[in-house]
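Novice: My questions all concern the structure below.
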């Protein structure tokens, strides 16, 4: 099918630009500066060859034309790329986002929403919707009446074009007016005119462009169209040559070609309509048969699925019904068993209540003093229990006191040198065993500290207060000499300290404010004489230097005795309040 449309005819002074544009077939491709022979020379009678592309002759390279549509497309494309890139950067940069919010370009909110929240699934869904709309679009071919109307309009425009060309041709061939002679110059004489050189005037004539076919469709165009194009080109050349004799024959040839083209177009349209109607009928019958076949297949599949699902649902419903019946049976049987059990329990309670009432009635009648006797027996039982607990506690206390007395006699009693030493740990273990039954926490804690102190001690290893006093008196000369030693003393210092220590006078009594060695010795001796071992040990522990080093063993023995006495006092006091 060939679709042809004539847009417009533009006449500008002596230049005719006839543009007959086809959607896919005919275009002008001859530049405006094409030069043809001058008007006085007739054009050659040889046929004009229409080339498939480029200028006439095909020897010169065609200059690429400026495309306004391409320029608009490229500008819109790059502007869209820059705009979209700016919005994408705005989602990553706060400064660009602030700039976008201040300027508020068009559709920026929708585009930002698409960039931030859009996904491939949304694009696929929109593409499917677009395809669905395109597939549902009802495209209709032009009818025969519209084609006839378009053909008639094409013929009328062709005739108008020819008449306008003839009219313009008559006005363009007129002589140019002479130039006026300036008033200031006089007319030249014949002799002067003969002496002037001969001037050659070159006249430039603008020619009409020829009609050419596109390169891709030149081979597939019908011969009638080619003959029509050739007739138009001959007319254009004759117009450029200024010959008036061949215009009538060319007009007749053009009219015949246009009539042939119109008749051929009518035949083609009628054949196209017939072929289209036949193919539509065939397609309709095939589509109806395929729809019927598909409907039968779908009906059969649906019936098969319906029967299959029905069987499965009946099977599931039957199994579920059996399970519910079995569960209901079990529930009913269990409820019956529970009801029977409850009845038995109620009957048993009622029977017990009846028996109890009878017994209480009999007791109130014959055994009225039984409650008083029971209360007195309970009081007697409580008294005997308390008495027994007191006896046990007293016995426990007596055992603890006996063990503690034996331990005190061994530790604090005076032991002779002829007496054989005995270990104290068995007595401590006996005390722990006896006091364990009392379950007193304080006694247990005291025994935990006392057992490590006396685990390796005997009756001779624990020093008494007189023994500690004797050892202190033996230690006094060494303390005096050590107090007189200078710092970093040598042999001479030791000898001089021993010598001068003999000259010191002993101090008797207690001197609370004295800090010299004699005052300390006097306070320790007086404290030991009064039995204040803790005060004496504290005084000895406050010594400094070599004196403290010499008295270290004595201090340890004194502290051990003090710890033993303190722990034994705690056990004795706690055992008395059991």
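Backbone N, Cα and C atoms are what each Cβ position is placed from, and that goes for glycine too.
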Novice: Among 69-91, 92-114, 115-137, where does Swiss-Prot put the label transmembrane segment?
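Specialist: Residues 69-91 are the ones Swiss-Prot records as transmembrane segment.
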Novice: Of the residue ranges 146-168, 169-191, 192-214, 215-237, which one carries the region 'Disordered' annotation in Swiss-Prot?
Specialist: 169-191
Novice: For the transmembrane segment (69-91), what are the same-chain contacts with Cβ under 8 Å, counting residues 6+ beyond its ends?
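Specialist: For the transmembrane segment (69-91), the far contacts come to 97, 99-100, 105, 108, 111-112, 115-116.
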